[in-house]
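What Swiss-Prot records for this protein:
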TRANSIT   1-41  transit peptide
BINDING   GLY64, ARG67, ARG151, ASP194, ARG197, ARG200, ARG203  CTP binding site
BINDING   GLY64, ARG67, ARG151, ASP194, ARG197, ARG200, ARG203  ATP binding site
BINDING   ASP77, ASP79  Mg(2+) binding site
SITE      ASP152  site 'May assist in discriminating ATP from CTP'
SITE      GLU193  site 'Involved in nucleotide selection'
MOD_RES   SER400  phosphoserine
MOD_RES   LYS402  N6-acetyllysine
Amino acid sequence: MQSVLYPWHRQVLRCSWSRLCLLKRYLFTMKLQSPEFQSLFTEGLKSLTELFAKENHELRIAGGAVRDLLNGVKPQDVDFATTATPTQMKEMFQSAGIRMINNKGEKHGTITARLHEENFEVTTLRIDVTTDGRHAEVEFTTDWQKDAERRDLTINSMFLGFDGTLFDYFNGYADLKNKKVRFVGHAKQRIQEDYLRILRYFRFYGRIVDRPGDHDHETLEAIAENAKGLAGISGERIWVELKKILTGDHVNHLIHLIYDLGVAPHIGLPANANLEEFNKVSKNVEGFSPKPMTLLASLFKVQDDVTKLDLRLKISKEEKNLGLFIVKNRKDLIKATDSSEPLKPYQDFVIDSREPDATARVCELLKYQGEHGLLKEMQQWSVPPFPVSGHDIRKVGISSGKEIGALLQQLREQWKKSGYRMEKDELLSYIKKT
């Protein structure tokens, strides 16, 4: 990569790729030619760029995809920005016989086109006219810098041309290289435009920063002053961000910060959280890719805390059940563990539950408890099928449904005691003895 910084207004300087550029104040530009960038050029993208160029509309890669490419990562999702209005895009795609899908984003300037079996989400440059802390009324523009100004963080405010030219108006590239997470302009203003940006700040801090603790004082002050604004944000949006915080780096530092700055009560977290347990569990799970709820459950003292979280964030049934399971069993299964067969109580739980996700839940509990050796054994263990059915018991002359059920339970207990080794004939002979 080659780079040049242009700090003065409307100066004409020679760029690093040997052509003259007329650039606005503070615009930083450089040339990117990486394998990750080149890999984006599918047949669909080539057709898209050719169409926009033919109609004299500017088109660039925008936001998070640019950040990822500069970090040497191929982005999973690529968003595009353009000077063309939604009406112009629709006319252009219709004339070219290109199908458009999902028109829900049109009022915000987004058109999704399908080319060569790929979807391309293209959004018109825009400025926020009015904001209420959750949504914005937008106005379309052709000014790239104005669009960059409305974005949340400097590292997310860059654009990339298809010749590899980076357009960076707010030192996003420098912040990315220096592992800094900063709001575009004033933190307070950006946050009040959309209070969810508080959680986005924490999320990207966990992705970008090498060592925790380096925060801008103005940013932390703005977060503390505006934390209550998160009370008006939907639980679903909060949970999306919180899950990403919990699966990122520096999670212990960030959760403590969320409590210190008064954010926690507005996002469904308990006021009397068990932060000591959280400190211990965050170390236990490090390097073992826990599910977000596995770590979050350490903050909860009672199962009712999980229920309250669900009411606020609308978590999935699977996530709620995992939280309830961990809070209920995190101590009991440890107490039940026989030192000679430490995995046995966990295996018995899976056998008794007969639920398809029981093994996965137990594995999350073992991560929580820091039982890494048992976790490896559990992951390698295949749940054995219980060899006796009600039909088998009827064959030995027992027809009462109630009696069959009781016998099946007795046989299951004998089978468990044998380490799941007793076979059908052995178990049925046990009936005859009794």
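Yeah, the Cβs are placed from backbone N, Cα and C, and that goes for glycine too.
You'll find the Cα of GLY64 (CTP binding site) roughly 19 Å from the Cα of GLU193 (site 'Involved in nucleotide selection'). In space, ASP77 is the closest of the binding-site residues ASP77, ARG151, ASP194 to SER400 (phosphoserine), judged by Cα positions.
For the recorded positions shown (ARG151, ARG197, ARG200, LYS402), fewest C-beta neighbours within 10 angstroms: LYS402. For the recorded positions ASP77, ASP152, counting C-beta atoms within 10 A of each C-beta gives the highest total at ASP152.
In sequence order, ILE61, ALA62, GLY63, GLY64, ALA65, GLU121, THR123 are the residues of the chain that are 6 or more apart from ASP79 (Mg(2+) binding site) and have a CB within less than 8 Å of its CB. If you take the C-beta of ARG203 (CTP binding site) and look for same-chain residues 6 or more apart in sequence within under 8 angstroms, you find GLU241, LYS244, ILE245, GLY248. Under DSSP, LYS402 (N6-acetyllysine) is assigned to a helix (H, G or I) in the three-state scheme. Between the C-alpha atoms of LYS402 (N6-acetyllysine) and ARG197 (CTP binding site), the distance comes to 59 Å. In this structure the alpha carbons, written CA, of ARG200 (CTP binding site) and ASP152 (site 'May assist in discriminating ATP from CTP') are 8 Å apart. Within 10 Å (C-alpha to C-alpha) of ASP152 (site 'May assist in discriminating ATP from CTP') lie the following recorded positions from ARG67, ASP77, GLU193, ASP194, ARG197: GLU193, ASP194, ARG197. Look at ASP79 (Mg(2+) binding site): DSSP puts it in a strand. Taking the Cα atom of each, ASP194 (CTP binding site) and ASP77 (Mg(2+) binding site) are about 22 angstrom apart.
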